[in-house]
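Enquirer: One structure follows; several queries about it will come next.
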Amino acid sequence: MLGRSILRASNRAVARQSLGKSTRASSTAAGAEAASSPFYLTLTAALATAAAAGSTAWYYHLYGQEAFAMTPAEEGLHATQYPWVHERFNKTFDHAALRRGFQVYREVCASCHSLSRVPWRSMVGTMHTVDEMKAFAEEHEYDTEPNNEGEIEKRPGKLSDYIPAPYPNEEAARAANGGALPPDLSLITKGRHGGCNYIFSLLTGYPDEPPAGAAVAEGMNFNPYFPGTGIAMARVLFDGVVEYEDGTPATTSQMAKDVVEFLNWSAEPEMDERKKMGVKAVALLTGLFAVSVWVKRYKWAPLKTRKIVYSPPIGPRR
Amino acid sequence: MRILKSHPLLRLVNSYLIDAPTPANISYLWNFGSLLAICLIIQIVTGVTLAMHYTPSVAEAFNSVEHIMRDVNNGWLIRYLHANTASAFFFLVYLHIGRGLYYGSYKSPRTLTWIIGTVILIIMMATAFLGYVLPYGQMSLWGATVITNLMSAIPWIGQDIVEFIWGGFSVNNATLNRFFALHFLLPFVLAALVLMHLIAYHDVVGSSNPLGISANYDRLPFAPYFLFKDLVTIFLFFIVLSIFVFFMPNALGDSENYVVANPMQTPPAIVPEWYLLPFYAILRSIPNKLLGVIAMFAAILALMAMPLTDLSKLRGVQFRPLSKIAFFIFVANFLVLMQIGAKHVETPFIEVGQISTVLYFAHFFIIVPVVSIIENSLVELATKK
């Protein structure tokens, strides 16, 4: 293309010099040479196109497949995409599900996993009443401030307290779990690739038997979704392991779904409020945007419709 | 005389925002400047507010950010605004630079504006990097470790410089503290540079325009025409920003940064935020550490070469078809580099990254001068009588 336009331009210059008047003739001069052998030109073009397509395909065959630094087992299986209702732009959390999910956390997960960033008070009004939450808090004992003798005593929990961790420190947690540290769950759906889908897939993805050929280390369990496939946590959710107060059948997937939604709430408790504010913001801003477009149009209308006239200077004709 | 024209400070407001004679034919692509100013204002306002609740210590930084997210009134809004406006800032600055490259805004007499703009880009990147370290999640810590270690490539004194930057022998509490101090300081340096950027082009000829010729034949006062035109894109930008902030605030972030920084555990992939990926890709494309670091910085500084290497007699590429093709190849190549920066260092990404890196530099130092000479010659041939 580059070469051709140079050629055409220089041809044109030559043509202009030789003919002196017509500059249009030059482009047909360049075309005439090519037109003398259209078959060979077509053949060359076809072969070049075939070679380009072929070499691209060959390159793709050799190198085009996406390479992975880690094996699929090390990477972990990609979590299935589930149609989480609460992830839609215009949906809130299902607060009945949050309530059930908290029950699953309290009765199943809480024996190993902390939820250290969630205070009891934050669940008041979102899934429980004040009295219910106070009762949950009072089940746990907390250290008091030092009294006048400097002794630290125990007191029942209050709404302002945070959910206590199952272990006093990391070492105790590791010792109780064969060296593995159960992660804090407060931010788990934000802190893992795949978010809700990953946690749900992990909880429900334990096969009855590890597949043939899979190496499972001592004290580990096989889960294809966990990076490396060897996970210290065993399957914990079995049908009927909790009894829901609202009568929902506690199947494995139902519990997993509820607890994932609860964990998503504990990672972003502001979500309902955020989306509601977002609708307000978009409504307000689209209004302002509309006004700004109208005003701009109004201000610019005289300019857009102006007529520019060239008045040639009056003088003697040549 | 009106006070707006006689007051020493208001006079500047008048000559930049009210009476500024602006070419009538500039398109909406000339709106990025005001959007970037809005971004800087949002970042400073939200940033100062976040600083009121943030604790710059390795033990408490992550907790204080979560405190902002959960306990501070509308803290989540302030933080998500800050994080997403950072992305928007870079998105718009790349468009702003692209506009400048396309319409030849770097050519004399706006060379000084272009040079200051490049310095602004560098300071912006530094500020963004420093800010990303502050929440002290996994990617904060490891990103800081990787990027500060780049300095160790400097011969002889590299390791000493790195330890000087760290204030210790690894990224530690002192590092986080000084990063916080610098992250607070640099936006105000940016604001000063922005003012210089404005002075530098208002004091010569003002905005360029899509035709690349003098706009003296047809200018309009900034107010009300361009004030209201800028307002249109400002509200449009706010709508897009709101959709990110309120409905998908973490779409552009890495989930690894919601895990508390742990010096004992390296994440599987250490990836910068999307806006730094092209330069990260260039860094990784060079097998030699020192040369890689030099190439990365040179990739940004290469912008400064544009006034020298674009030899065209015309301003901008709108009437130069070959340069137009070269421009869009450059843009596509930049996007390819952005993809490569997020990939593992493996075949075929190494090779693609190296080709893209060569193409990136070739654009500035070979393609632009050669193509502009060719086009100059073609124009001469066509117009010579």
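The backbone N, Cα and C atoms fix where each Cβ goes, and this holds for glycine too.
What TrEMBL says about a protein is an automatic prediction, not a curated fact.
Below are the features listed in TrEMBL for this protein:
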{"type": "BINDING", "residues": "B:H82, B:H183", "note": "heme b b562 binding site"}
{"type": "BINDING", "residues": "B:H96, B:H197", "note": "heme b b566 binding site"}
{"type": "BINDING", "residues": "B:H202", "note": "ubiquinone binding site"}
{"type": "DOMAIN", "residues": "B:1-210", "note": "domain 'Cytochrome b/b6 N-terminal region profile'"}
{"type": "DOMAIN", "residues": "B:212-382", "note": "domain 'Cytochrome b/b6 C-terminal region profile'"}
{"type": "TRANSMEM", "residues": "B:32-55", "note": "transmembrane segment"}
{"type": "TRANSMEM", "residues": "B:76-97", "note": "transmembrane segment"}
{"type": "TRANSMEM", "residues": "B:112-134", "note": "transmembrane segment"}
{"type": "TRANSMEM", "residues": "B:141-159", "note": "transmembrane segment"}
{"type": "TRANSMEM", "residues": "B:179-201", "note": "transmembrane segment"}
{"type": "TRANSMEM", "residues": "B:222-248", "note": "transmembrane segment"}
{"type": "TRANSMEM", "residues": "B:290-309", "note": "transmembrane segment"}
{"type": "TRANSMEM", "residues": "B:321-340", "note": "transmembrane segment"}
{"type": "TRANSMEM", "residues": "B:360-379", "note": "transmembrane segment"}
Enquirer: Tell me, how many other CB atoms lie within 10 A of the CB of B:H96 (heme b b566 binding site), whichever protein chain they belong to?
Expert: 21
Enquirer: In sequence order, what residues of the same chain, 6+ apart, have a Cβ less than 8 Å from the Cβ of B:H202 (ubiquinone binding site)?
Expert: B:S15, B:Y16, B:A20
Enquirer: Near B:H82 (heme b b562 binding site), which residues of its chain come within a Cβ-Cβ distance under 8 Å, counting only those 6 or more away in sequence?
Expert: B:I42, B:Q43, B:T46, B:G47, B:L50, B:G131
Enquirer: Can you grab the distance from B:H96 (heme b b566 binding site) over to B:H183 (heme b b562 binding site)? Cα atoms, rounded to a whole Å.
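Expert: Just about 23 Å between their Cα atoms.
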Enquirer: Can you name the far-off residues of the same chain, 6+ from the ends of the transmembrane segment (B:290-309), with a Cβ under 8 Å from a Cβ of it?
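Expert: Contacts with the transmembrane segment (B:290-309): 97, 101, 106-108, 111, 114-115, 117-118, 121-122, 125, 150-151, 153-155, 278-280, 282-284, 357, 360-361, 364-365, 368-369.
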Enquirer: Name the residues of the same chain, 6+ apart in sequence, whose Cβ is under 8 Å from the Cβ of B:H183 (heme b b562 binding site)?
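Expert: In sequence order, the residues whose Cβ lies under 8 Å from that of B:H183 (heme b b562 binding site) (at least 6 apart) are B:G47, B:T127, B:L130, B:G131, B:L134.
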Enquirer: Name the residues of the same chain, 6+ apart in sequence, whose Cβ is under 8 Å from the Cβ of B:H197 (heme b b566 binding site)?
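Expert: The list for B:H197 (heme b b566 binding site) reads B:T113, B:I116, B:G117, B:I120, given in order along the sequence.
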